[in-house]
Structures are given as structure tokens and as C-alpha cells.
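Colleague: Dumping what TrEMBL says about this protein:
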DOMAIN    8-183  domain 'Galactose-1-phosphate uridyl transferase N-terminal'
BINDING   Cys48, Cys51, His120, His171  Zn(2+) binding site
ACT_SITE  His173  active site, tele-UMP-histidine intermediate
Amino acid sequence: MASPNRIPEIRKDTVNNRWVIFSPARSRRPSDFKSKSNPINPTSQPECPFCIGHEHECAPEIFRVPATGSDWRIRVIQNLYPALSRDLESSGELAGRPGGGSVSLSGFGFHDVVIESPVHAVHLPDLDPVEIGDVFMAYKKRIEQLQCHDSIQYVQIFKNHGASAGASMSHSHSQMIALPVVPPTVSTRLDSMKEYFGQTGKCSLCEIRFDALLIDESIHFISISPFAATFPFEIWIIPRYHSSHFHELDGVKAIDLGRLLKLTLRKMNVQLNSPPFNFMIQSPPLQVSPTQLPYTHWFLQIVPQLSVVGGFEMGTGCYINPVFPEDAAKLLREVSISS
């Protein structure tokens, strides 16, 4: 439960270089913070194009795990409705537009779907750590393939779970979008981490003090509620030891990450009534210089959909969070999960 003496506080997110207002008066007790959405009922749609046996209904396959045979566990396919076109040639040059200095670039890029299970009723927390680790290794393999394209500068891995989180299919899946540009939020994060490194000589994520923010930990990772969490019950899973890019992940660490992600999602489901959520793997651009490696550090961000973004947030880029991260971390830390 939140302290009755909590007063509003403004905190600086030194990783993403933004301010967050914590305003506990705008919510009930953190222990009462539950999703109002109806949890996904996977049996309501027993089969869909992502199910085994329906492969012909999907866009072309890129690869599957295992690599051959009809009994696949993971499929990576092209998105049937891609945001970008893999068929366009990208010059990698911005073109000017008359009036106001507007610029444009051809809509070249890759938009892929990672089908995480062949069975419609199985969701990510239902998989065992090895199976979740295999999903992470599929991400890694696809990133390594995309690195072969000189025009691709950044790959965003993300998962939308639930209709209000942006998922159009209830079958468990995630997506990858490869861009010929570096998004502004990624550049801002890189610059912010560079500034911290310049002031301290240390990586900002390696230096996180997580005593009251810790949720759980494993051999290679920690899960925390970040000090300046943008959203209520936002969670970061961070490598314990410095790791610049997600695709540096190996098989052992992938299983360990799978174990911690499974535990984290199960705790979130218990405490928050199985909310819709998004997760994003936040990694730096594919090509960074050797001097940038000491302060670039990837992490996995989980955002349960418990609030809406309003005009103040849109207008200022400054968010209002009704739940202090220390309270969120304590509630999630204390959730008991049977093995």
C-alpha cells in the first residue's frame, strides 16, 4: 500500500532524458490498481492463420524453428499488412521538400511477425523458459539477417498483447520492424546515456541502485520498477552485466531471460488482473562506434495498459504516473507464484 504521506514528486529519467510527475492523489491505492479489460480468452477463437496447419493463409515464411519439418514451434514470417515495403530500393538519403525544410525517405524496411507457438490457446507465460529462450534466439537470428542490409540502421522488437495494447490477433506473437533511420527516442536515449557516461565514466544502467525498486533477479538479469517509470507498474528487465546489444544474447542467457520474463508476466497477471500489455526490447542502433559501446546497454521494457495518455503528455512529453515505482515493485515482489 502507498504511504499516506506521499506527496507529488517530479523525477528525471536519466536513461530516456525525460521528466515524470508522480501524483498518488490521482489514483486509488496501488494494491487496487487492476486492469478493467477482459483477459484474452484464447478458446473463443479456436484456430486462426497463425495456428499449425494454416501456414498457407499467412504471408511468406522467413524461417521456422526447427528449421525443417511440419512440427514447428516458432515461425518468423513477413507481415501480411506491413508498415514498410521490403521491395523498395532505399538510397539511404533524405530528400528535401519545398517549403519548411520537410524531408522524406522511401518507405523501405522490413516488418516481420514472430509466431511464438503453433497452438492458439498457448500464450507466452504458458511456455517454459527454454521455449521462451528459443523465441529470443529467433529474434537474434532475424536481427543478424537484417544486419546484412546496409540501409537498415535500427530494429525494434515489440509485442502487443490484447486488443487495447494494439494486437489484432489473439494468437501469441510479436513483431520486428527494421528501419533505415534511427528513431528519435533511440537517439535521445543514446545521447542521454552518453551524457551520464561523460559525467561519471560509468554506464547508467549498470549503475542503477535497485534496492527498493527490485522485483526479482536471476543469474544474468534483474527485473525492476524503474526510478522514473513513465507508466504505472512499468517493468524493466536488465542484464546484470554490461551488454550493449540484445543480439549479443547467447543460448544460456536466453533461457535465463525466459525464466525471468515468465515469472514477471505471471506476477503481473496475478496482481493486475491479466492486463493487456506491450513489451519492447530497447537496444541501440545496429551500428555504433567502439567509443559508444561502454555506455550503450539494452533492456526489455514491459508496459501494462492501465492508463491512457492525455493531452498534457502529448503536449509536453512529460508523463503523469499515479503509482510510485517503489510501491509497484513491492507489490509485484510480494506476489506468490506456485511453480
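Start at 1 and count along the chain as shown; that gives each residue its number.
Cβ from N, Cα, C; glycine included.
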Colleague: Near His120 (Zn(2+) binding site), how many other Cβ atoms are within 10 Å of its Cβ?
Modeller: 21
Colleague: Give the number of CB atoms, excluding that of Cys48 (Zn(2+) binding site) itself, located within 10 Å of its CB.
Modeller: 14
Colleague: With every protein chain in view, what's the tally of Cβ atoms within 10 Å of the Cβ of His171 (Zn(2+) binding site), excluding that atom itself?
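Modeller: Taking all protein chains shown, His171 (Zn(2+) binding site) has 24 Cβ neighbours within 10 Å.
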Colleague: So what pLDDT does the domain 'Galactose-1-phosphate uridyl transferase N-terminal' (8-183) average out to?
Modeller: 87
Colleague: Look at the recorded positions Cys51, His173 and tell me which residue has the greatest number of other C-beta atoms within 10 angstroms of its C-beta.
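Modeller: The residue with the most neighbouring Cβ atoms within 10 Å is His173.
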Colleague: From the Cα of His120 (Zn(2+) binding site) across to the Cα of His173 (active site, tele-UMP-histidine intermediate), what is the distance in angstrom?
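Modeller: The Cα atom of His173 (active site, tele-UMP-histidine intermediate) is 10 Å away from the Cα atom of His120 (Zn(2+) binding site).
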